[in-house]
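Structure, as structure tokens:
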Amino acid sequence: MSILVTGGAGYIGSHTVLSLLQRGDDVVILDNLSNASRESINRVEKLTGKTATFFEGDLLDRSCLRSVFSAHRISAVIHFAGLKAVGASTRKPLEYYQNNVTGTLVLLEEMRSAGVNQFIFSSSATVYGADAPVPYVETTPIGGTTSPYGTSKLMVEQILRDYAKANPEFKTIALRYFNPVGAHESGQMGEDPNGIPNNLLPYIAQVAIGRLEKLGIFGDDYPTEDGTGVRDYIHVMDLAEGHLKALDHLSAIEGYKAYNLGAGKGYSVLEMVKAFEKASGGTVAYQISPRRDGDLAAFWADATLADKELNWRVSRGIDEMMRDTWNWQSQNPQGDS
């Protein structure tokens, strides 16, 4: 039996594929490479000495999905594929709903046809909405999302909840991520977005290496200690390990369950800049810009439930996040191309 990883060539997906291969799982990857490179999978295979089956295709292509499910005996799906930029989603809402919601519906329908009933969903802390008290806990009401991206994740969680209620054989876990950062400790894998990065740390790293001129910090007038946004950052390898823990826990649950995966503390944008400067030994040029639509002032996780039920907790802190990011970026100044 194989694990199907959608979006498996992407940042979080490729690190999770590496962890799956390292422990001996058979892995099938489906990715349209819209924000990823085949090279990331080549590097996973080189680091592990193992191979994964790769399909280049889109979730909206039913024939592609059917060929995947007919060619392989899939036991579970880890679903990363989707668009993920909060700001872009406010400008392109239909594109986000089409990819993130409709794409997931097509995937679930093809899973049903193939008799696959185990599903891990890459959700987001943005489902908690603008007015949720911090730290976020799983019992916090979800909704009140501030971007089409967050709403698309919220909608998929509701679809999963309803489908699990209607189909007793279906078991699904939604993992609500906070902000993934860092890279594999080898320096051979990391975040390499196509075009200008949407996330903070790869942008900082590309400024430090000279690929970008300066960092734009969106807002310094938030009600935080230094005025910049505060986020819960989680090392990507801790996040990958969380997916394996969730996968192993599926058999113990009934229906639908959600877990926060975060560090349980927040850092401001300026704190992240200073920590990266410490790790790299250089300076990161930045300028303050207006706030972005949909961004929140501050949030972080309460990941107690994942600790208790999944036996998962972070083991890497901000120093490891910055060290591994700089190691990756300095070894690969042009990314993994």
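Cβ atoms are placed via backbone N, Cα and C, with glycine included.
As given in Swiss-Prot:
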type	residues	note
BINDING	11-12, 31-36, 58-59, 80-84, Asn99, Ser124, Tyr149, Lys153, Phe178	NAD(+) binding site
BINDING	Ser124, Tyr149, Asn179, Asn199, Leu200, Gly216, Ile217, Phe218, Arg231, Arg292, Asp293, Gly294, Asp295	substrate binding site
ACT_SITE	Tyr149	active site, proton acceptor
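Most Cβ neighbours within 10 Å among the binding-site residues Asp293, Asp295: this distinction goes to Asp295. Asn99 (NAD(+) binding site) carries a helical DSSP state (H, G or I). Comparing C-alpha positions, Asp295 (substrate binding site) sits nearest to Tyr149 among the recorded positions Gly82, Asn99, Tyr149. DSSP assigns Tyr11 (NAD(+) binding site) to a helix. Secondary structure at Leu200 (substrate binding site), as computed by DSSP, is helix.
The candidate set comprises the binding-site residues Lys153, Arg231. Of these, Lys153 has the most other Cβ atoms within 10 Å. Geometry remark: Tyr11 (NAD(+) binding site) versus Asn179 (substrate binding site), CA distance 12 Å. Annotation note: Asp295 (substrate binding site) sits in a coil segment as assigned by DSSP. When the binding-site residues Asn32, Leu59, Ser124, Ile217, Arg231, Asp293 are screened for a Cα within 10 A of the Cα of Tyr149 (active site, proton acceptor), the ones that qualify are Ser124. Other C-beta atoms found within 10 angstroms of the C-beta of Ser124 (substrate binding site) number 25, with every protein chain shown included. Ranking the binding-site residues Asn32, Leu59, Gly82, Asn99, Lys153 by the distance of their Cα atoms from the Cα of Asp293 (substrate binding site) places Lys153 first.
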